[in-house]
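Undergrad: So TrEMBL lists these for the protein:
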- 38, 66, 67, 68, 69: substrate binding site (BINDING)
């Protein structure tokens, strides 16, 4: 949750190192992190392994914090489940006293996502063509435009996301957050914004919490700067081959 702001454990740092190596050839234009210590440390570790973005400014945002669990924070998951059972409910829909509801978490996610969309629109190049986009990438190698998980995706998914699209992106944004929060954000993408999912993704995978430093990749298209109808494609969800 939010109330216990503990640092990463030794295992957490090893996982962040692995994620950093996994993403080391990806050139990010922006980096956002939850302002909780464990996320800050993970983000700094990931960027520290990056070949192109070591000096990129990390922007911390409270909207990316983990779900607030109220009286259950700092206590074992078994106690949270016992609280839910006593209330005649089940996790994760149960809200402990003083905690956030799932709708409140989703509202934070929606607000932050719309902020990212506005940011991308503001970055739109004056010359809306491939040449203008290519000039912004001048002097960069093809290596940094290749996402490391493309070989885990089907041909159809590669065509929807990575088939040259990364060469003309206005923004390539790394967001580091937390498991329960990200599950809610992905739920918002799917239920509210009709996100296109990988064909082999199961319902249980969609509703599960990402492993620590799991990587999810989304391509967002905003036709004519339309914030109301973003076209979202999930290239991969909770990728953990680096662990």
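Quick reminder: no glycine exception, Cβ is built from N, Cα and C everywhere.
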Undergrad: Please compare the binding-site residues 38, 67 by how many other CB atoms fall within 10 Å of each one's CB, and tell me which has the fewest.
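TA: Each of the binding-site residues 38, 67 was scored by Cβ atoms within 10 Å; lowest is 38.
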Undergrad: If I restrict to non-local contacts, at least six residues apart, and a C-beta distance under 8 angstroms, what lies near residue 68 (substrate binding site) in its own chain?
TA: 1, 2, 3, 98, 99, 100
Undergrad: Taking the centroid of the Cβ atoms of 38, 66, 67, 68, 69 (substrate site), which other same-chain residues have Cβ within 8 Å of it?
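TA: For the substrate site, the extra neighbours are 1, 2, 3, 36, 65, 73, 178, 180, 181.
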Undergrad: Long-range neighbours only, meaning 6 or more apart in sequence with Cβ under 8 Å: which ones does residue 69 (substrate binding site) have?
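TA: Within the chain, residue 69 (substrate binding site) has Cβ neighbours under 8 Å at 1, 2, 3, 80, 96, 99, 100.
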